[in-house]
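So that you can see what the record holds, here are the features copied from TrEMBL:
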BINDING   B:N108, B:H113, B:E118  oxalate binding site
BINDING   B:H111, B:H113, B:E118, B:H157  Mn(2+) binding site
DISULFID  B:C32-B:C49  disulfide bond
DOMAIN    B:65-211  domain 'Cupin type-1'
SIGNAL    B:1-22  signal peptide
There are 6 protein chains.
Amino acid sequence: MKSVHFLLACVLLALASSLASAYDPNPLQDFCVAINNTETGIFVNGKLCKDPTLATVDDFTYRRFNIPGDTNNQLGRNATRLSVDTFPGVNTLGIILARIDYEPGGVNPPHFHPRASEILHVQDGTLYVGFADSNYTLFSTILYPGDLFAIPLGMVHFQVNIGKTDAVAFASFGSQDPGLVNVANAVFGTNPPIKPEPLARAFMLDVNVVKDLQEKFLSSDLAKKHVAACSTY
Amino acid sequence: MKSVHFLLACVLLALASSLASAYDPNPLQDFCVAINNTETGIFVNGKLCKDPTLATVDDFTYRRFNIPGDTNNQLGRNATRLSVDTFPGVNTLGIILARIDYEPGGVNPPHFHPRASEILHVQDGTLYVGFADSNYTLFSTILYPGDLFAIPLGMVHFQVNIGKTDAVAFASFGSQDPGLVNVANAVFGTNPPIKPEPLARAFMLDVNVVKDLQEKFLSSDLAKKHVAACSTY
Amino acid sequence: MKSVHFLLACVLLALASSLASAYDPNPLQDFCVAINNTETGIFVNGKLCKDPTLATVDDFTYRRFNIPGDTNNQLGRNATRLSVDTFPGVNTLGIILARIDYEPGGVNPPHFHPRASEILHVQDGTLYVGFADSNYTLFSTILYPGDLFAIPLGMVHFQVNIGKTDAVAFASFGSQDPGLVNVANAVFGTNPPIKPEPLARAFMLDVNVVKDLQEKFLSSDLAKKHVAACSTY
Amino acid sequence: MKSVHFLLACVLLALASSLASAYDPNPLQDFCVAINNTETGIFVNGKLCKDPTLATVDDFTYRRFNIPGDTNNQLGRNATRLSVDTFPGVNTLGIILARIDYEPGGVNPPHFHPRASEILHVQDGTLYVGFADSNYTLFSTILYPGDLFAIPLGMVHFQVNIGKTDAVAFASFGSQDPGLVNVANAVFGTNPPIKPEPLARAFMLDVNVVKDLQEKFLSSDLAKKHVAACSTY
Amino acid sequence: MKSVHFLLACVLLALASSLASAYDPNPLQDFCVAINNTETGIFVNGKLCKDPTLATVDDFTYRRFNIPGDTNNQLGRNATRLSVDTFPGVNTLGIILARIDYEPGGVNPPHFHPRASEILHVQDGTLYVGFADSNYTLFSTILYPGDLFAIPLGMVHFQVNIGKTDAVAFASFGSQDPGLVNVANAVFGTNPPIKPEPLARAFMLDVNVVKDLQEKFLSSDLAKKHVAACSTY
Amino acid sequence: MKSVHFLLACVLLALASSLASAYDPNPLQDFCVAINNTETGIFVNGKLCKDPTLATVDDFTYRRFNIPGDTNNQLGRNATRLSVDTFPGVNTLGIILARIDYEPGGVNPPHFHPRASEILHVQDGTLYVGFADSNYTLFSTILYPGDLFAIPLGMVHFQVNIGKTDAVAFASFGSQDPGLVNVANAVFGTNPPIKPEPLARAFMLDVNVVKDLQEKFLSSDLAKKHVAACSTY
């Protein structure tokens, strides 16, 4: 029953704002400032642009990216992800930024970006970071303020604030819409849920543990985040 | 101790055969038959080619892809993944195939391909399949012989043989080296392991369950597969 | 007179369904399910997408690709070519499949795909296959069930069923719209026809032989196929 | 005051015709003949196409590129730049041409193309040509009729007619909309002008010289060209 | 016997000079002047570059493209095709030129370029030109000096000098190695030959006519051209 | 005389370290850690990679990007540009970062990046920034800490510290080697110099002013920077 409501909320939110973003082919003119697909009801691979004669410097400017996100949630982290919806001049430019805030102990859980590589730039704090390549070799280290960490396209990676103070890092992506898949959610938090038996076999967990996980993921604040995410990305 | 040996085995195997494969930029000549990087000690983005005047029809031919793989393992499935190492004429062509065999109940666990979309083509059997998009919406269905299923670039997906007989499917990828990341392994089966505490928080599991999972993944036949994988892909 | 009717039929069929399909630039969002350009009257490089919130698993599923095509025609072969019109979830994924049926002696005549490389996968039968590179070196061999053959981008290739039973093969392409040009048709079967004198000189044939060929190609069942093709690809 | 009028003229002209052109991702169908975005009010990365069933050979033909441009201007040169607006069949083909006429002493001033490499082909006359790479090494030479000169993507380059007769050259670009930035105009001739003090420091010029330059550039026939340019590219 | 000798000649010539050329991915530095793969014995997708500190302006300059080619051959035309072997600075720039000379009645026979679109620019003479799209619709016209004709990627096209004087045209390609496949040669002039029976069926010709054509193509000056081509492209 | 020495110094420095960097085609394997071309004497479009089995987490980590650059120079700014030489794990990832420090009044002069778009992120200070599109329309604004500014591919742009304190900004680029061309240097500071007469005509300056500028640019600390640049990028 909960999942039905969840689904409804998700669909309604999705209807209210476009899921789609744009990305990587070379630009075909100086710029192509994004407009919202849902205004026109026309969807393309990427985004429609506004009339270039109406572009202004505000389209190319994003203000106040120095405001910390709210980390008061189960994982103790917050990601402020920009997109061509919030920063429309970036459309067709092939880059975007995100800001990640971490409280002490905060975890940016294992995830990957299906459409971009990343460079993480630590501004404050001490982060335990790593990525696994497709041979499951872990490349991990500890980053301090001013350090950079490169994460190749599509590799699963994570960060943990192992310091005693808040941390903040900025991520640069080589795509205007890198996408974000938290692997725990993609497995245990889908809507509708994946049947638990094959998940139990795949994760070598008891089927009841899997069911319990699915319940937790759909009712936790991760799930609430999830609702928001499904309507804005 | 086990993980040290594992690491050693992995490095030795890796030294014995190249990890790298090639993929997507347009071809720059009629063909570019791959040779093994390790022969020359020279590595490029992709693969070196053999002298084109020495190419033969055998480079463009792969025989006996109709031999079933051995599904006698924990997950009850086997993936025969081709690459430019085994099918060298495919280098720079931007496509590759894989064959997946499933015993009844066999599970191709949640995974994704960082560098390609896929079309799955069921030849025999009945498969429960699905993929989750980056909003964690699950697109799932049941496939019968002759059915096709498309999986967009980088989306987490799975298949389960829910029939009473063996099943076999062929996957086509839009890259010569799509890569393969099983998400359970990328989280619980890395080498060295990720620290268990943040994983516990990310997966809402007790830290001892995580430690137990990591132990299982590194000692199971999945881990043995993993050793093989680290030396051949 | 015949060719005028042919032209009319072709234009009418073309008006009734879009010629255009989509292909290779990287996807700019998780997916972009194709809708028919002709519904909107708007044409882009590729295809417009449906509102992503309305995508369903059916968009990503194609059923019954195991039904043989009708080979009762002059060449004794039938190609079932999928496209984003018939399998809309494939739009922006950069791959597509085709199925080719051959009766004994059936010929898939010399042709090429202007926008993709191909891997041919023989399921049943015995095929004499080959491609010519741009130096006119022929790479040819005989394929048996389970064999694969790679054909580089834009190279002229053919298959002949040299066995005593029906044959079937599946082709995977690294583009969602590889295109298909039968070279005999592109030379002798165009509408309107190319002037016969330069063709005679180019093919070292008597001009009357060329005129006869043009007549045959436009009145044969190849031409009828041609009508169908002009309205569906 | 002058610059306000200039701005108004520019905006009005811009409103009357689209600024945007198209370029480089692979084609997704045989062809995609451009139509003017402003007719539909819909703008994409590149150009919308006309219904492919309505394409004619005229879309793929451009006549009378052998008519000299008028070099009676301050620089003594004229560039006739084609685009998908004037040669619509070129849309998605990834190439375009330009014609440059030079009177004796005529100067095609230092400029670059942000989205394409170039090959310059001298038909008549004697040209002093060069480009500077990003280390400011100058590659310069003298070209005679029948000579070619290659200019890598984004490198600043120039030509000067050092002969006693008119000269003409044709430029081929690897993009359908290479763009053109004259560096003097991009620095001293912008609208509105850049503040003169930092320009003086950057160019090691007195601030009054910079102000004088800005005045000259906005009132010269270069500026008038500029108005035309802002409405047609 | 003849074909064996031909094969030997072809292999020997091929051994003496590289077949491979380069093309389309974006440049990764200011320039990458090609060197001959055969000097190093190392082959890549494209070409190795010389040390950039040793690049000179001569690498970016090609002289005397205004010298007519010899049209004294069966088809009465000559194509002077540039490549990164003869114009090394063009490597990674994504463009190349060719020059085609035609005597009166000269025929540039039906052919296509597997890796580039083309713009043909007529300098002198009167040409009957056309291309067939993948629906076999012919787009044809007559070009006069100063006219341009655009040919989309991979479409079969031809030119005929229908004037009374010599003609010359320049072709610009959106790739540094567009490739060239004459369809008559790719069908009737391969080495070794394609079996004649399926060709007869595909072209609706008597098998003896096909055998005769294959004989003619391999012994004509087209075949001699062919030998040269196999060793230089 | 001075320019001869300069040239010598430049060539020597260039010989000692590779000019080339890498950039944009999709990765063909998980990663491809750059090694220095000059070690092998082999140069490709981009960079050779080290044996992937020898990659370590240090390849993917860059430390201490929080150290300010020395702004004690004529322009009062310093750019710390990363590359695959200093951050080798970034090779094939399609992104890179730079850090720009500005003293009060410091000017990052008009320049462009031939191979990437940019997002500028202000950490401290107040910057007057702008870019000119190819119609010479100026998009300019004032940025404060936390503000972002997007600069499309190949557009000329600049920043000026108009605050009373030091400023620092970080630039993200959608290429691993965006390149950097300061337009003043590309015009007045090349080596060897461009002939002054056409520059005078192009910039509407007296020829002696141009000569004086050329002298200044080659002897200033910009020129010294230039020497360093020619040996390291």
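Every residue number used here counts from 1 along the chain in the order it is shown.
Every residue, even glycine, has its Cβ placed from backbone N, Cα and C.
Worth saying up front: this structure is predicted, and the values here are computed from it rather than measured.
Structure coloured by features recorded in TrEMBL.
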residue	record	Cβ contacts under 8 Å, 6 or more apart
B:C32	disulfide bond	B:K47, B:C49, B:P52, B:N91, B:T92
B:N108	oxalate binding site	B:L75, B:R77, B:A79, B:I100, B:Y102, B:F158, B:Q159, B:V160
B:H111	Mn(2+) binding site	B:V156, B:H157, B:F158, B:L180, B:V181, B:N182, B:V183
B:H113	oxalate binding site	B:I151, B:L153, B:G154, B:F173, B:S175, B:P178, B:G179, B:L180, B:V181
B:E118	oxalate binding site	B:A150, B:I151, B:H157, B:A171, B:S172, B:F173, B:G174, B:P178
Are there recorded positions in B:C49, B:H111, B:H113, B:E118, B:H157 whose CB lies under 8 Å from a CB of chain E, and which ones?
B:C49
Count, for each of the recorded positions B:C49, B:H157, the other C-beta atoms lying within 10 angstroms of its own C-beta, and report the residue with the smallest count.
B:H157
Additional residues surrounding Mn(2+), by Cβ distance to the B:H111, B:H113, B:E118, B:H157 centre under 8 Å:
B:F112, B:F131, B:I151, B:M155, B:V156, B:A171, B:P178, B:L180
Over the domain 'Cupin type-1' (B:65-211), what is the model's average pLDDT?
97
Taking the centroid of the Cβ atoms of B:N108, B:H113, B:E118 (oxalate site), which other same-chain residues have Cβ within 8 Å of it?
B:A98, B:H111, B:F112, B:L120, B:I151, B:H157, B:A171, B:F173, B:P178, B:L180
Helix, strand or coil by DSSP: which one applies to B:H113 (oxalate binding site)?
coil
Which secondary structure state does DSSP assign to B:C32 (disulfide bond), in the simple three-class scheme?
coil
Under a three-state reduction of DSSP output, how is B:C49 (disulfide bond) classified: helix, strand, or coil?
strand
